[in-house]
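Undergrad: The feature GTP binding site is assigned by TrEMBL to A:19, A:20, A:21, A:22, A:23, A:24, A:136, A:137, A:138, A:139. Residues or ranges marked as domain 'Tr-type G' in TrEMBL: A:7-189.
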């Protein structure tokens, strides 16, 4: 049932492959509806984090209310929800989609459908969203809108006969997009009187307001003073403010079924207002929560250590602060013989990990040593117990292990058919199992592989890009655990195991990887005052060895009056470089060494 | 009173490929330069220096009249040690006699290598024969304190090349020898070649063997190492350079010259035109740095440790009112354990191993 008021509301998001123009279109819609003045406008206006703008990605969901008058003079409220585009944040995307009735599908007229176009589009179809295809970048010379329209019709099965042909960058066709949103996307329904049901599609921590829940009201009404209850946590709060996004927070009296807005209620931590949870009234609870909630589960773990061990407490505080705003981030204290005290952190994926790392370094000015990321292995012990292993160091001795399992993903890769051979070779080299291949059009194919997740986190995307001249796109989703022959590969420096360099690797490739890592470390670790053997070992068996020769010479031949200032600067630089190294036993290891073991060519 | 005066002559006939000193092939403006330089020297308000060092560039490339003007101005300071640098092929009998006449009593001459093919490779303008002529001439005129500059670690230099160089130099019975390990400095032609992979450097092991060979064979002839790259017979150490290594004050005049006065180190414009203009505008300073006590201690340590005798603990105490162990005790003890330095009770000095990797030692004394 849709009320008169609801008839004039449209809730939608924009979905696209990275760089197809999602944020630029959002900018244009905001501009065209006069939501922000020219002076207030900036590029990627909805991406508020510095990191988002710099990388051209969206990490947090954002929302904005646009007011649009059509040619008849009818005024519509358009709630645009900007979603992250990366596979790491699929769950966040799915919750944002669940807050909408429709989605604009932006496809680049020069590139056509890409892996994330499909992944996001199928996700939207799963949520029964009405999809409005839009062909972007038609101003470019190499645009081929007709072919791309046909591609969308053939592959996704969407009618593209009246799909707007636009250029978000130049500002062509923006009015048509707005019209299509109103005509095609259904108005929301829901009972304004009914017990409150609000879907949290994102939550952020604001130092003044506490946690701000981004919500879509499915049923009921909420206003300041309402006693609410979060259905997953069971916790109750009193609403302190409700409002809408313009796109900054703007307080309103109430939010009703069909609206998108925010609620604050003195909630201290985003963990208590998790994405996907349902807010209801404490006195008049909804019978059941909105479907689809699941807690964010880390897929990738890495050890984060302060380069300067005296900064441990600072790192802890910084992680706590980031966690206020990032319910998917987990961390627990861990000790490494090599690196001292740090934290084992859990992430949704590699991008998520990189983002957290960068934010810690930039926003909290911390110098970090991070260990190679690891997936979660399941170890079935001979006594029948099952361990979930997130840190290779903790692997039990082989005699206690019955067998091991590793996480597997379904990967889809889209690339021009010239590169199929190269991609297949890469996937096979990464223990991929070929599933099938479809032609998207005569020159492009989509390959489906089943692959171990740990192969994907080892530099897979870069390898894929370099083998396909950047043309391939990748998407993957977790599919389950599979039995696998795995061993722990240890690295010894100067005869001692460096726990932070241990990795779980497939047995068949242990020898090769051991050698490659030893070679890589020889490159990365500078010569020191004594000879340093580097060894790779499985258990007590040494499988590779390299030697870093002793430093023979580090001397300034000349130093007279005119040289002192300059030579002192050189020495200071050298000292600075040394400071950035981690002392492991007697060996000084540069921070990048711990990650470099990931980047060995397979 | 400040003991030492450095005078810079920024001209050369041709720039050597490895050279990063402040020198230019612009002899046409030497008259203007000398005029400005004399103006700067006349502004010095002290009448005596213990040491004067005219360096370059190639000071002896100056015209006779400019050389005379400069030397007559400097003669007034009545230096005990008065050094002029020269390169073979830029010094004739007349110029050499002028040097002698105006009180120069120490000559530093750049030989670098005894092999003409290596000299060419370095971009030197002279041949071994030219060096011998200059050297003999200087001896004949009566210079008894002559330094010979040598270089090892030159691309394509072999161990036997180096042995030949040292043996031949020793035959000349010099009072002072400097042996510099070639450094590829940024901004030199060698650096560009190195970046383009056009230079094959010799390996570190051979390079160190060359150094050890020089130390040993010079020592046998009574020419002892007194600084990382400097060797002399007893009593012939270069007092001027020791000023730097003792971290004492000095005044520098000329383009790019550095001064260290009252905890300030500053340098003139490197560019000749800007220098000349600056002198007449009464400010030719390009860079200036205040040396805070901590920096001063660092410099005292890393300059002092360059000398074979190292730093004198008593001197540190007097100068800074602190025991060196109170400031650097932890560092010194670790370095001692690593056999990089030793403390003989009076002085702290580098070991042979410490010399090879002296930068690793020095960084311990920085902030």
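Yeah, the Cβs are placed from backbone N, Cα and C, and that goes for glycine too.
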Undergrad: Which residues of the same chain, at least 6 positions away in sequence, have a Cβ lying under 8 Å from the Cβ of residue A:138 (GTP binding site)?
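TA: Once residues fewer than 6 apart are set aside, residue A:138 (GTP binding site) is near A:109, A:145, A:165, A:166, A:167, A:172, A:173.
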Undergrad: Output, ordered by sequence, the same-chain residues six or more apart from residue A:136 (GTP binding site) with a CB under 8 Å from its CB, or 'none'.
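TA: A:16, A:20, A:21, A:25, A:106, A:107, A:108, A:109, A:166, A:167, A:168 - these are the non-local Cβ neighbours of residue A:136 (GTP binding site), listed in sequence order.
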Undergrad: Based on DSSP, name the secondary structure state of residue A:136 (GTP binding site): helix, strand or coil.
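TA: For residue A:136 (GTP binding site) - judged by DSSP and reduced to three states - the answer is strand.
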Undergrad: Using DSSP, would you call residue A:23 (GTP binding site) helix, strand or coil?
TA: helix
Undergrad: Tell me the Cβ neighbour count for residue A:21 (GTP binding site), meaning other Cβ atoms within 10 Å of its Cβ, over all protein chains shown.
TA: 23
Undergrad: What count of other C-beta atoms do you get within 10 angstroms of the C-beta of residue A:19 (GTP binding site), across all chains shown?
TA: 15
Undergrad: With the GTP site defined by the record as A:19, A:20, A:21, A:22, A:23, A:24, A:136, A:137, A:138, A:139, how many Å span the farthest pair of C-alpha atoms?
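TA: Overall maximum Cα spacing for these binding residues reaches 17 Å.
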